[in-house]
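S.K.: According to TrEMBL:
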- A:65-84: transmembrane segment (TRANSMEM)
- A:190-211: transmembrane segment (TRANSMEM)
- A:266-285: transmembrane segment (TRANSMEM)
- A:297-317: transmembrane segment (TRANSMEM)
- A:394-419: transmembrane segment (TRANSMEM)
- A:439-459: transmembrane segment (TRANSMEM)
- A:525-543: transmembrane segment (TRANSMEM)
- A:563-588: transmembrane segment (TRANSMEM)
Amino acid sequence: MSGWLQFALLLALVVAIVRPLGGYMARVFAGERVFLTPVLGPLERVMRTALRVRGDGLDQSWKQYARSVIFFSLASWLLLYLVLRTQGAHPWNPSDLASAPWDVSFNTTSSFVTNTNWQYYAGETTMSNFSQMAGLTVQNFVSAAVGICVVIAVIRGIARRGDGTGAGGGGGKQSPGGLGNFWVDLVRTVVYVLLPIATIGALLLVTQGVLQTLGGPITVGTVAGGEQTLSFGPVASQEAIKLLGTNGGGFFNVNSAMPFENPTGISNFFEMLLVLAIPAALTGTYGRMVGNRRQGWAIFGAMVAMFIALVVVITLAEGHGSVAQHAAGLHTGAFDGSTGGNMEGKEQRFGIAGSGLFDTVTTVTSTGAVNSGFESLTGIGSLVPMIGLGTSEVIFGGVGSGLYGMLLFVILAVFIGGLMVGRTPELHGKKIEAREVKLAMLGALYMPFAVLTTTALAVGTGHGRKSIFSSGPQSFSESFYAYLSQGNNNGSAFAGYTGYVQPNGNNDGAFGITFADLLGGLSMLFVRFFPILVVLAIAGSLARKRVAPPGPGTLRTDTPTFVVLLIGVIVLVGALTFFPAFLLGPVVQSLTTSLF
Amino acid sequence: MRKDIVTSLIAVVAFTLLLGLAYPLAVTGISQAVLNDQADGSKIVRDGKVVGSKLIAQDFRKPVLDADGKPKQDADGNPLLAPDPRYFQPRPSVTGYAANATAFSNLGPNNVATRDAIAANAKAYLDLEKPYDPTLTVARIPVDAATNSASGVDPQISEANARIQARRIAAVRHLPADRVRQLIEDHTDGRALGILGEPGVNVLELNLALDRATTTDGATR
């Protein structure tokens with residue numbers, strides 16, 4: 001019961017956040033003064049001066065905006081790769097860790113620059129404190145910021161009238177077809193949105209017991225007379241942005257299951273709230289910028305409905321326990337003093353409810369931080385993260401990327417709805433025409449293409465076999481999940497699947513599995529930047545369109561009926577593409593009591 | 001194009017200075033000044049020495065000795081360990097309670113390996129506790145006692161698990177059952193606000209309290 005109340009409280013707080021945080025972000029991106037301006041204004045000016053942005057910057061066309069995004073991401077990639085490859089020369093490397101091999105670094109770099117944070121490496125035995133801070137934490141911020149910038153540009157494209165005026169300006173002078181200025185948006189996102197929330201979030205996490213120190217590991221004599229080495233590091237500063245930016249790359253190998261990353265029931269709850277805050281609030285920002293708050297709530301409603309369904313399924317499935325537990329003779333019912341259920345790979349302080357909820361939160365958003373071992377989920381339980389990923393990460397989704405992915409589905413739903421009732425498809429008074437629908441189709445299909453191709457390559461060629469840990473249908477689930485997660489910029493894992501072997505427990509003598517590292521790395525880059533180009537292209541085309549006043553023939557997109565249609569389109573696309581793969585892995589496992 | 005390249009390079013450097021150095025160092029500074037205990041790992045000190053962290057489970061097993069008093073080894077050449085009956089035992093761990101190389105068990109829901117691992121954990125638990133609780137069966141073992149935790153260093157066990165182990169502790173340490181029960185209660189962390197997370201008993205803190213209790217009560221150690 002307390003588990004359901006915990007869920008209800010989380011939902012209530014998320015709903016409560018949408019309006020204030022959504023409105024705050026809308027004001028920030030309109031260039032208006034906000035309550036933090038007196039404190040952070042000077043920092044914004046310093047960063048703008050450093051980036052040599054004049055005034056409010058040039059109002060960029062979609063191509064110019066996209067080019068800035070691509071070059072900035074490329075520069076980020078190169079610097080992060082350099083940092084990771086020169087680890088041996090860094091300060092703050094108390095365990096004297098050398099660099100991981102090139103192929104693992106390629107995967108890791110691609111992973112953090114694309115906001116995926118898939119980890120073939122194990123944090124505490126691979127990365128120095130310097131790499132964690134100056135390399136990975138930086139990308140946690142800026143890869144998240146890029147996602148937010150892109151969605152803001154897309155919203156401007158929808159909101160602006162065809163002549164370059166209208167709501168949602170960046171504060172500067174507007175030009176026809178312009179979407180705002182990437183550099184201005186980037187600085188504002190980091191300075192006004194991510195940095196203040198992450199700083200306060202990090203300090204709150206420290207109060208719960210999350211580490212924040214530059215000290216190295218210590219070895220202590222334990223109570224029973226043995227020895228234990230405790231790894232330390234600047235964890236909280238990374239943990240806060242890891243969740244707030246829907247990144248998900250843990251400081252430690254077991255991510256948010258490690259008590260030093262997530263020590264209490266309170267920190268667990270707070271971490272989930274951090275994850276959902278921005279993706280949920282952006283629907284409010286959207287509603288405000290297009291001048292129709294109901295529209296924001298309609299999209300939020302579609303997200304919440306699917307989210308609730310998934311949480312219910314995983315909580316019940318995990319509470320039931322696993323086939324292997326029952327085969328071992330355990331009784332998995334809950335009773336006074338015991339959570340019952342499938343506690344393999346779960347922590348006592350989170351139990352079934354706090355783990356299942358976190359698992360869902362982290363996979364419907366593109367976070368991928370985990371507080372339990374996904375590989376040990378029950379068959380049906382593991383279907384929930386897979387559905388979160390298989391629906392293209394639009395149920396809240398990543399910061400920015402979730403909403404722009406959702407807007408692609410909105411365009412598809414408008415198109416399908418228009419066909420069904422014989423009306424011209426329109427979005428906020430702008431005609432949706434062949435170009436937009438074609439682009440939206442590409443935007444809906446790139447992900448299944450990437451995921452199914454990479455999975456097929458790994459499973460079909462046999463090159464993926466080296467990476468597999470498990471046996472039976474689980475070995476397929478493992479492989480499929482790896483490419484589903486990387487192909488959605490999520491980063492959660494059935495952690496048995498590996499691309500990095502560390503025989504000595506550190507980087508000495510360790511080697512990468514090149515095939516898995518490269519395939520996953522390339523997939524992450526493709527699924528990050530291809531849709532960014534698609535949505536910016538759509539935005540560029542919408543920005544030039546005239547707004548027609550709503551008439552009796554308008555299909556309204558802010559009604560419950562449209563929400564149902566939208567959910568239908570998302571479920572249909574996801575189900576049609578992934579049903580066979582779901583059947584081969586998790587569904588088989590949940591339908592049988594056999595062991596493999 | 002050229003302007004984009006230059007601005008990109010400046011931007012990554014500027015953001016690295018701000019977010020990769022200034023931000024984590026500022027958070028470190030504030031945390032160390034105001035929340036030093038938590039930021040440094042919630043260490044537990046006994047007799048002037050750090051014995052562990054209250055957030056991290058540690059191994060309460062001891063080496064098994066052969067007839068000559070030498071530690072026995074398993075097939076891989078590692079020392080053979082058995083639970084120390086004087087202490088509450090934490091949840092099973094696949095990493096030997098390593099806090100510097102954490103890992104999930106990655107045991108799948110339908111795998112033979114999973115059943116075998118859980119059955120082995122259950123048998124070990126039964127072997128340890130059954131002498132003090134003859135009615136104990138596998139079916140009565142709380143799930144947390146037979147399954148591997150996620151982190152391998154889960155500091156807590158369930159209250160039901162602690163209650164079963166309490167019988168052994170009371171017998172081995174010659175403590176009244178009520179006293180042990182009281183100590184368990186004292187070291188149980190409830191749900192925050194009554195709904196966040198699950199209650200759990202902190203094993204390391206409880207064991208340290210037991211050591212103190214047996215000394216002050218004059219019972220044999």
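Placed from the backbone N, Cα and C atoms, the Cβ positions cover glycine too.
Set these features in their place in the structure for me.
M.R.: Remote same-chain residues near the transmembrane segment (A:190-211) are listed as 24-25, 28, 34, 36, 40, 43-44, 47, 141-142, 144-145, 148, 232-237, 239-241, 243-245, 259-264, 266-267, 270-271, 274, 277-278 (criterion: CB distance under 8 Å, separation of at least six residues from the stretch ends).
Non-local neighbours of the transmembrane segment (A:394-419) in the same chain are 115, 144, 146-152, 154, 158, 244-246, 276, 278-280, 282-283, 286, 299, 302-303, 306-307, 310, 364-367, 388, 425-427, 432, 436-437, 440-441, 443-444, 489, 528, 531-532, 534-535, 538, 555, 557, 562, 565-566, 568-570, 573; each lies 6+ residues outside the stretch with a CB under 8 Å from one of its CB atoms.
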S.K.: If you count Cβ pairs under 8 Å, which stretch among A:266-285, A:297-317, A:439-459 touches the transmembrane segment (A:563-588) the most?
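M.R.: Most Cβ pairs under 8 Å with the transmembrane segment (A:563-588) come from A:297-317.
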S.K.: If I count Cβ-Cβ pairs under 8 A between the transmembrane segment (A:266-285) and each of A:65-84, A:297-317, A:439-459, A:525-543, which range comes out on top?
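M.R.: Selected stretch: A:297-317, with the most Cβ pairs under 8 Å.
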S.K.: Same-chain Cβ contacts of the transmembrane segment (A:525-543) under 8 Å, 6 or more residues past its ends?
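M.R.: For the transmembrane segment (A:525-543), the list is 61-63, 65-66, 69-70, 73, 110, 113-116, 150-151, 153-154, 156-158, 160, 162, 176-179, 401, 404-405, 407-408, 411, 427, 430, 435-436, 439-440, 442-443, 446-447, 450, 486-489.
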S.K.: State the non-local partners of the transmembrane segment (A:65-84) in its own chain: residues 6+ outside its ends, Cβ under 8 Å from one of its Cβ atoms.
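M.R.: 90, 99-100, 105-106, 108-110, 112-113, 130-131, 134-136, 138-139, 142-143, 146, 149-150, 153, 179-183, 186, 529, 532-533, 536-537.
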